[in-house]
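Copied from Swiss-Prot, the annotated features are:
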- 9-29: transmembrane segment (TRANSMEM)
- 41-61: transmembrane segment (TRANSMEM)
- 84-104: transmembrane segment (TRANSMEM)
- 118-138: transmembrane segment (TRANSMEM)
- 153-173: transmembrane segment (TRANSMEM)
- 175-195: transmembrane segment (TRANSMEM)
- 202-222: transmembrane segment (TRANSMEM)
- 231-251: transmembrane segment (TRANSMEM)
- 273-419: region 'Disordered' (REGION)
- 282-299: compositional bias 'Basic and acidic residues' (COMPBIAS)
- 323-336: compositional bias 'Basic and acidic residues' (COMPBIAS)
- 344-353: compositional bias 'Basic and acidic residues' (COMPBIAS)
- 372-382: compositional bias 'Acidic residues' (COMPBIAS)
- 383-419: compositional bias 'Basic and acidic residues' (COMPBIAS)
Amino acid sequence: MKNNKISGFQWAMTIFVFFVITMALSIMLRDFQSIIGVKHFIFEVTDLAPLIAAIICILVFKYKKVQLAGLKFSISLKVIERLLLALILPLIILIIGMYSFNTFADSFILLQSTGLSVPITHILIGHILMAFVVEFGFRSYLQNIVETKMNTFFASIVVGLMYSVFSANTTYGTEFAAYNFLYTFSFSMILGELIRATKGRTIYIATTFHASMTFGLIFLFSEEIGDLFSIKVIAISTAIVAVGYIGLSLIIRGIAYLTTRRNLEELEPNNYLDHVNDDEETNHTEAEKSSSNIKDAEKTGVATASTVGVAKNDTENTVADEPSIHEGTEKTEPQHHIGNQTESNHDEDHDITSESVESAESVKQAPQSDDLTNDSNEDEIEQSLKEPATYKEDRRSSVVIDAEKHIEKTEEQSSDKNK
């Protein structure tokens, strides 16, 4: 992400603080389950812990935009595609589980399908709310933070381990806890792949998958009452689907790479085979910008110096030409014959005209030097040329006026002598 990037220290502290607050709140909120009077299979109060932890971290730590980058609520075609997968994958897991029950246990349990103490709609709404608050914290917030320094695959592993610890169930023994850990970790890995490359639009996908899984398991299996075979079937089924889905995704992207000869980063941002090195990329980009700015400044300085040099030379040439004009006029002293005076006057006019032409040519030469500079510096060069050109024009006009006065004076003197 291009942004005010989270430093490595803040990144680690954010993950640590989130996990500590989540675990502490999950312990403290257990006592409130009986107080609010809601059954745990409808809504688990401890599931509020990730949501509260995410809100606290957003308020405490800086770079709010980076922290909220995974909390977008817009819809895209990719989101719709992943939403369909979020409904299909739980169905595949449940089908594998039911087939396993029919094969190895002769039947599967349709738990509490009759004689429920609450309507099914209440259970559905409760599971959607539970899925939203949990995934808001773990997927939309925590996984987004972890992915700022890791790619999706390793970020999913980190978040999966934390989620498995949060969801650990040691009530029914070590073996049950081990299969429950496998189930929740595989569950989290599937979710990490589902929300990959969705550009922060994660909450719909994660909530849909989570609610579909928990709602189906409530009715079809009895793992929540400690049945070891049920949790074993669910864990293995979920792990098989996780390996198959992630492996198939990698194969498809690998085929796309072989056919297009483009790397996976071009096909999908934040891929498994490319580690995110935001700090190094930022430093490299800043170094390139600074070097280009230095080169532009050097070019501008050279162009300005050359322009000033041309203007200065033109001014010196104009000043140096003035004495020659005066000397030429002084040589036109009255002669013994009017014809000689007229010829000298014509010579002076010719000299003045030739000097004007040369000066004009020198003025034309100055803009030619502008072609050597960049287009962005043309205004500065024209501004620097404006004052020397005006000065030269004033000097030439004064020289011409002096010459005309001198000619008139010599003509008057010659006419007086003739009289």
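Quick reminder: no glycine exception, Cβ is built from N, Cα and C everywhere.
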Any chance you could find the range in 9-29, 41-61, 118-138, 231-251 with the most Cβ pairs under 8 Å to the transmembrane segment (202-222)?
118-138
Hey, which bits of the same chain come close to the transmembrane segment (231-251), Cβ under 8 Å, at least six residues off its ends?
89, 92-94, 96-97, 100-101, 104, 176, 179-180, 182-183, 186-187, 189-190, 193, 217, 221, 223, 272
Find the member of 9-29, 118-138, 175-195 that has more C-beta pairs under 8 Å to the transmembrane segment (41-61) than any other listed stretch.
9-29
